[in-house]
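Take a look at the structure below.
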Amino acid sequence: MSRTSAGFADFFPTAPSVLQQKRVRAPRDRPCPKDRPEDQLHVQDDNGQSSCSPGTSAANVSTNGSPPSVSVSETGTGVENSGCKLVGETNTDITGTDTSILSASLAQCRATQVNEARFDNLTPVTNAESSPPRKLSPHQSKSVEVAEYESNKFATDESKLAATPLHTPPTPRSQTSRSGVIKGCKLVYDPDLEKRSSKEKRRKPQYVDFVVNEQDGCSPDPRLSILNYTRGAGCKQKTKYRPAPYRLKQWPYDTATTIGPGPPVQIVVTGFDPLTPVAPINALFSSFGEISEINNRTDPITGRFLGVCSVKYKDSTSFRGAGPVPAATAARRAYVECKKEQRIGTRRIRVELDRDGAVSDRIVARAIESQRMGHKKNIVGEEAKVEPQAKKNEPPPTAPKGPSRSSTRPVAAVPEGPRASFLKPAIPSLIEETPILAQIKRDPYIFIAHCYVPVLSTTIPHLKKRLKLFDWKDIRCDKTGYYIIFENSRRGEEETERCFKVCHMKPLFTYIMNMESQPYGNPNYERSPSPERLQAERRERAERERLKKEADLDLEEEKKQRAIDLDPCREVLALIVRDLKDKLLEDVKSRIAAPTLYDYLDPDRHAARRRALGIPDPEGIRRHTFRLDADNFGSNNPRSFLPGDRSFSPYGLNILALPRIRKARRLNRANAAFLDERRKQPVRRKEVRPLYHRLQQLHDVDDSDEDQRTPFSRDIDEQDSRPPSRMSSRSSISDDGEESEPLDGLAPQGKRHESRLLGLEYEDSGNTLNEAVDGYSRHDSPGLSSTRKRKRVAEGIDVRKRPKEESERSQLNRSVEAGDTFYEESQHSEAAELGTVKPENLAGIGGKFLGRVEDRSINEDGEKENMERLHIESAIQGANLGIQQPLPDESTTTKSHEDPITEIEWGVSNDEPRPTVVDDETIILDLDGWQNLVKDEEDLCFLRHVLDGQSRSKVGNLSAWAWRQKEIKALNRAGESGPVHQETRIPDYYVCNPTGAARTEGRKRILESEKSKYLPHRIKVQKAREEREANAKSDPHASSAAEAARISAAKTISKSTSRSTRVNNRRLVADINAQKQALPMQGGDGDVLRFNQLKKRKKPVRFARSAIHNWGLYAEENISANDMIIEYVGEKVRQQVADMRERQYLKSGIGSSYLFRIDENTVIDATKRGGIARFINHSCTPNCTAKIIKVDGSKRIVIYALRDIGRDEELTYDYKFEREWDSDDRIPCLCGSTGCKGFLN
């Protein structure tokens, strides 16, 4: 084997690493004790093989005591990395006494392994030329040990680079096993660390070796666990994790190369005291650059400062003797510098960059909203505090009242500092308004009703966590409950079933999840129709739209043609012809047809025909004179015009009793044909007073019956339409106990109007007693004869008077003969006025006369008429007492039983009890209705019994309250009083929705013309206007005098107003001059002062409901002509934006227009951001005008007074819309002035 090459230690023996290795090797090189047996040099392992000691590294030692033999290969190519044995074909025995030789040979072997390793031969080759091993010198032994250490150091690294051929035989385990290897040493004692005197003898350092068994401590290569590491897959470069993008240096703004907005040149300042003047703010921020504009923002309504200031810079070529300072640099510097706790006064300010003014507008809006809410809370608190004091210090009722709240201006609250934090935006609610079930089609879902788990937005996150084990898609909720929605697939259906089985009736907090599973989606969902059906519906819809469009076009064409053919003269002529036709037809009916019918129906002309047919002649029905509607129009009976009268109905019409023409009383003959029978006529009250008058004692008992008459029941509930009442039908015999009166004496004074029952007309000498009888019985059924009707009425009245004393009947029976004689005399004496009357006709009349004497009221026409009536009454009474009443025949009785309806309606009950008064269910139960319903003590007792459980209302004085309620009713019903059948309301004011509710109605626009019909304030103004016009037409002199008085009063007011205005202007100028002296003189101060002057010159106005349209603007004080009133404030937008917004407002339902044009390209939009000036309405004759002025280089709209305006007068100006010709969408004008043009456009 060749000699080993020199190592690093041989060439560099003084190197620090070589010296260190020598110090480490020093303890190991110590000689072993001589008495140590040789067999201790070898340690036998578990397999029976001897391993080398630490001093020798490796040896082949026999176990039977023979000298050990070492086999060393001459070439050294058969040495393995992990073993320490040397295998060769030529073996040489080495004695065990000389261990240094073994170590030297081992070192030589390792050096050869390191430096002369060959990879092409695995089998050691025996070479005869190789020299045998020789004994090494001591110097050579040391060098070998150093080489051994170096070989141990680099053995592991060299072995990794060695390539193993494919046909390498496996190394036996006996060859790979090695003993413990010294990896290093540990210093256990260091004499340098001892705190001893230097004179003492110092000990040597002590070391302990680290011995590691390579077989146990060799760990596997971790790189081999990487997949495809040997192929290079593990060597891919990994990307670097970057949690944030790199901060690159911003490019400087260059106007030549930059597209888009430049850096901000404006800042917004907040946090300072709102009462801080502009001077300190200006002084602070002018130190950063030249200021172009500074604006201390104010409330557009109240005008108080908000504590928000906008500062805008401009480029400066030379700022304070230095170089140029761009506006963007100044704004940036101000923003950076003011971050360092800059203060104005005692408050710390906050500065933000504001590129286009959006930041300042947002802050101003929040500040205004917060101040509004704070002001409302303060007002509520002050009212709550002041209320108990006001109750204690109430003035007496007779004390004069102070001005109303609307006439005094509310005191503005002291402005407060800005809020530290603005209102946080509201968290959007997760509860959907639209029903979710209608949106779910085929998606599986589980429903939890709101009755089991309350619907709250905060419950959804907890429910999601509760169901996190299931694969749901979404969880939504509405007012009905929660919907857990899954995927629309087979897996989603399975998840639905699994979730239902696991969580059904399981707790969620303190609630139970009662679930409803729908794995196949909404059960009520219907699929969309087929394409053929959709196409058919589209065709039908298109056809309907086409037909509708054609109909509309035809209608429009017809309207245009009518407008072209319209001729006012022809229309007037058509109206005249139509009126003449009606008048001619009326004259033909009254002058030709009526007399012809009367002549044709004259009983004398049909006498022969009646005799031929066996019909008896009509007696007591014929009228001797010709008159038209005598019983209705010419009669003195005021009840003939009431709705309850049936004289015009077919049931009450008798052919033989047709009316005759005669002069009517209290009626214009020219208007007789145009009267309506339903029209209410002024009537006299009855003498019977209702219970209300009895309780209140409004009238004395001794009052005249004709002076005080109150209705007993409603106006149409007459004696002719209901059974007679005992209270209203008294006998001529007094009820105070007197049983008889002189037969030929005069009637009592209180019964002078008893003949009005019969409808007798004494001024006409042709009226007879038969007419009176017919006038009473003409409401009976037309199938009954007049004789039978008279007998039935007489019988009914006699039955009604049965409870009277029996002495009345005996007196009537004893006076039959005297009655006959009296009848004959009265018949001859009054033949000219009463005509011929048979005894059987008068037999059934007397009781009727006495029974209904006090049921009618009359108008006294003179003493002569009264005497004639009294004379007739005495004659009738005598006839009643002297003529015996015949019994009714069987035919009359049978007829009365065959027609019970007529008996119940018109007759008197003689078989069973009947109600005296039939209540009308259609009467509105207000105060008058209840007073009409309660007629006696019995009704009052029943009413008290019904109202026992109700609590009493405190109305104060009952009489005053009742009077006030009736006055309110009369005021709302145009003077009408008494019981009514319709509620007191404005006609067509409450219109029912077709769908039943306003929420289900679609959006529809109500025309202004329709609003003017039912809005109360518009109706009031319309009535006042009509009344004014009517007064002007009736009395033009009075209207002109009132106008002159109004003008003179306005002049007086305007003079005083002008004087006060001049005083206020002087004070204003003085304030402005004081501000000029206080502020530092700079370029923009003049514009600021002018704008402040414009703000202070505005007049106090208010907005309220207007009779013209919605809201209106009203003056709170007198305003002189040409005075500035208010500025039209709003958002300034371009014309294109204004057009787009107008369409959006119309779609959203905002019908009012608040867009005011400044010029061709600029429009002021005050719809959502504006002052109260937007409420000013249009008028064709306005009292204001709008002017466009320039303030601070910007155009502003200001409202000026055209004339003197009084207090509480509405402000109007002409909108000046462009005239639109041939337009169907014209806006109607509702100003109602004398010069109204009808339309705005």
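Positions of Cβ are set from backbone N, Cα and C atoms, glycine also.
Here's what Swiss-Prot has on this protein:
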type	residues	note
REGION	1-84	region 'Disordered'
REGION	120-179	region 'Disordered'
REGION	376-415	region 'Disordered'
REGION	520-545	region 'Disordered'
REGION	686-752	region 'Disordered'
REGION	768-819	region 'Disordered'
REGION	1022-1064	region 'Disordered'
MOTIF	1062-1067	motif 'RxxxRR motif'
DOMAIN	1099-1216	domain 'SET'
BINDING	Y1215	S-adenosyl-L-methionine binding site
DOMAIN	1225-1241	domain 'Post-SET'
Exercise for the section: Return the residues near the residue listed as 'S-adenosyl-L-methionine binding site', defined as same-chain residues 6+ apart in sequence whose C-beta is under 8 angstroms from its C-beta, sorted by sequence, else 'none'. Expected result: H1178, L1240
Completion exercise
Summed over the domain 'Post-SET' (1225-1241), the DSSP helix, strand and coil counts are 0 helix, 2 strand, 15 coil
Problem - Per-state residue totals over the region 'Disordered' (520-545) - DSSP helix, strand, coil - result: 15 helix, 0 strand, 11 coil
Practice task
Tell me the residue counts in helix, strand and coil for the motif 'RxxxRR motif' (1062-1067), as DSSP assigns them.
Solution key: 6 helix, 0 strand, 0 coil
Handout entry: Local confidence of the prediction over the motif 'RxxxRR motif' (1062-1067), expressed as mean pLDDT
Key = 75
